[in-house]
Amino acid sequence: MSDVVNLLDFDAQGLLAYCESLGEKSFRAKQLQRWIHQSGASEFGEMTDLAKSLREKLATRANIQAPAVISDHLSSDGTRKWLVDVGQGNAVETVYIPEETRGTLCVSSQAGCAVNCRFCSTGKQGFSRNLSTGEIIGQLWMAEFAMRKQLGRGPKDDRVITNVVMMGMGEPLLNYDAVVPALALMLDDNAYGLSRRRVTVSTSGVVPMMDRLARDVPVALAVSLHASNDALRDVLVPLNKKYPLAELMAACRRYLEFAPRDFITFEYCMLDGVNDTVEHARELLRVVADVPCKFNLIPFNPFPESGLKRSNNEQIRRFSQVLLDAGIVTTIRKTRGDDIDAACGQLAGEVKDRTRLAERGKFGKIVEIPVVGADSTHRMGTA
């Protein structure tokens with residue numbers, strides 16, 4: 001029925017308003033929220049402490065509907081990727097990364113991505129649409145309770161997922177109105193109860209929305225930097241033409257006034273001969289000089305259309321040493337899940353190709369990129 005609402009679309013305020021619209025008392029909203037997000041209930045008949053009259057109302061007017069799982073892949077390193085159906089021929093990926101002391105879920109916010117970073121295979125397919133709040137939080141709901149069931153864990157046992165990163169398909173801050181309620185649910189003690197330090201939003205640098213996020217839900221922030229100067233970043237991250245590095249760094253400083261951590265994480269994809277020289281690293285130090293930060297260096301995950309190569313390990317080590325010598329905490333991301341195309345930048349989705357070449361500039365053409373400290377430009381091959 002067209003008027004059936006998905007309760008996964010509601011944060012605490014939305015669920016309260018919905019219960020009031022049904023003539024119910026406010027405490028019913030908290031009961032519902034705990035059943036949905038702490039017990040994983042998907043049928044109203046399971047909610048035994050709700051009045052029978054409320055359960056009957058909900059059965060005809062609402063549902064609890066996460067995106068349907070199309071496929072479920074397990075990597076040799078324990079990484080798990082779900083491909084989920086978000087309708088209209090679109091699918092997005094959700095990736096779980098297990099570690100000794102935590103379990104991190106990488107969540108998608110859009111079907112496709114309009115930012116079109118040059119090194120990201122997700123951007124190759126173009127942009128279809130924003131996900132709803134229910135489709136975003138539904139990825140966490142689906143993954144948490146699927147793994148709980150598999151492990152035999154009950155509602156009072158420790159959660160499987162301890163950290164969430166908005167680093168899947170899409171630019172979260174270009175879907176702000178749906179992402180913020182999903183973040184609120186992740187933090188809500190009547191839902192997932194994660195601390196702000198354990199929830200990270202990754203952005204390519206949508207400056208106005210970074211400022212809004214700082215005021216509304218100041219979770220940990222990661223910024224996809226990937227270049228040490230505007231000329232290079234204009235090509236690698238085209239959004240830089242709208243919000244260049246000086247504006248982006250100023251926004252990072254403002255965000256730190258509200259952030260749960262006292263630093264910004266800068267993500268930097270290591271591209272052979274493009275952005276990986278010692279000169280680039282030194283230039284980078286000048287760019288971030290007044291921003292408390294750490295760096296996460298990401299070995300590039302090659303895909304055929306990119307025309308790019310991964311920096312070799314020695315070059316990554318030299319680059320990282322420049323940052324470390326300057327006192328900046330620097331990590332090199334361990335490649336995880338690349339045998340199931342779940343590694344960073346590989347979330348292309350088994351969906352129809354939405355690329356509109358006329359609208360996507362130079363993607364697929366020879367692109368000349370200035371290399372700092374080199375005598376010539378680096379030419380990236382055709383996609």
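Glycine is no exception: its Cβ is also placed from the backbone N, Cα and C atoms.
Look at Swiss-Prot and you will find Glu93 tagged as active site, proton acceptor, backed by sequence analysis. Positions annotated as active site, S-methylcysteine intermediate by Swiss-Prot, on the basis of sequence analysis: Cys344. Under the heading [4Fe-4S] cluster binding site, Swiss-Prot lists Cys113, Cys117, Cys120, citing sequence analysis as support. Per Swiss-Prot, S-adenosyl-L-methionine binding site is recorded for Gly170, Glu171, Ser202, Ser224, Leu225, His226, Asn301, and the stated evidence type is sequence analysis. Annotation comment: Swiss-Prot describes Cys106-Cys344 as disulfide bond. Taken from Swiss-Prot, the feature domain 'Radical SAM core' covers 99-339, and the record attributes it to sequence analysis.
The recorded positions Glu93, Gly170, His226 include none with a CA atom within 10 A of the CA of Cys120 ([4Fe-4S] cluster binding site). Using a 10 Å radius centred on the Cβ of Leu225 (S-adenosyl-L-methionine binding site) and all shown protein chains, the other Cβ atoms total 29.
Looking at the residues that bind S-adenosyl-L-methionine per the record, Gly170, Glu171, Ser202, Ser224, Leu225, His226, Asn301, the two CA atoms farthest apart are separated by 19 Å. If you compare Cα positions, Leu225 (S-adenosyl-L-methionine binding site) sits closest to Cys117 out of the recorded positions Glu93, Cys106, Cys113, Cys117. Sequence-distant neighbours of His226 (S-adenosyl-L-methionine binding site) (same chain, six or more apart, CB under 8 Å from its CB) are Cys117, Phe119, Arg233, Leu236, Val237, Glu267, Tyr268, Cys269, Asn275, listed in sequence order. Across the fold, the C-alpha of Glu171 (S-adenosyl-L-methionine binding site) and the C-alpha of Cys113 ([4Fe-4S] cluster binding site) stand 7 Å from each other.
Comparing the Cα of Cys113 ([4Fe-4S] cluster binding site) with the Cα of every entry in Glu93, Gly170, Ser202, these being the recorded positions, the smallest distance points to Gly170. In the shown protein chains, 24 other C-beta atoms lie within 10 A of the C-beta of Ser224 (S-adenosyl-L-methionine binding site). Around Ser202 (S-adenosyl-L-methionine binding site), a 10 Å sphere centred on its CB holds 21 further CB atoms from the protein chains shown. Looking at Asn301 (S-adenosyl-L-methionine binding site) and Glu93 (active site, proton acceptor), their Cα atoms lie 17 Å from each other. A Cα-Cα distance of 16 Å separates Ser202 (S-adenosyl-L-methionine binding site) from the residue listed as 'active site, proton acceptor'.
Considering other CB atoms within 10 Å as the measure, the emptiest surroundings among the recorded positions Cys106, Cys113, Cys117, Cys120 are those of Cys117.
Measuring Cα to Cα from Cys106 (disulfide bond), the recorded positions that fall within 10 Å are Glu93, out of Glu93, Gly170, Ser224.
The two recorded residues, the residue listed as 'active site, proton acceptor' and Gly170 (S-adenosyl-L-methionine binding site), have Cα atoms 11 Å apart. Long-range C-beta contacts of Gly170 (S-adenosyl-L-methionine binding site), restricted to its own chain and to partners at least six residues apart, with a cutoff below 8 Å, comprise Val92, Ser108, Ser109, Gln110, Ala111, Gly112, Cys113, Thr122, Asn130, Leu131.
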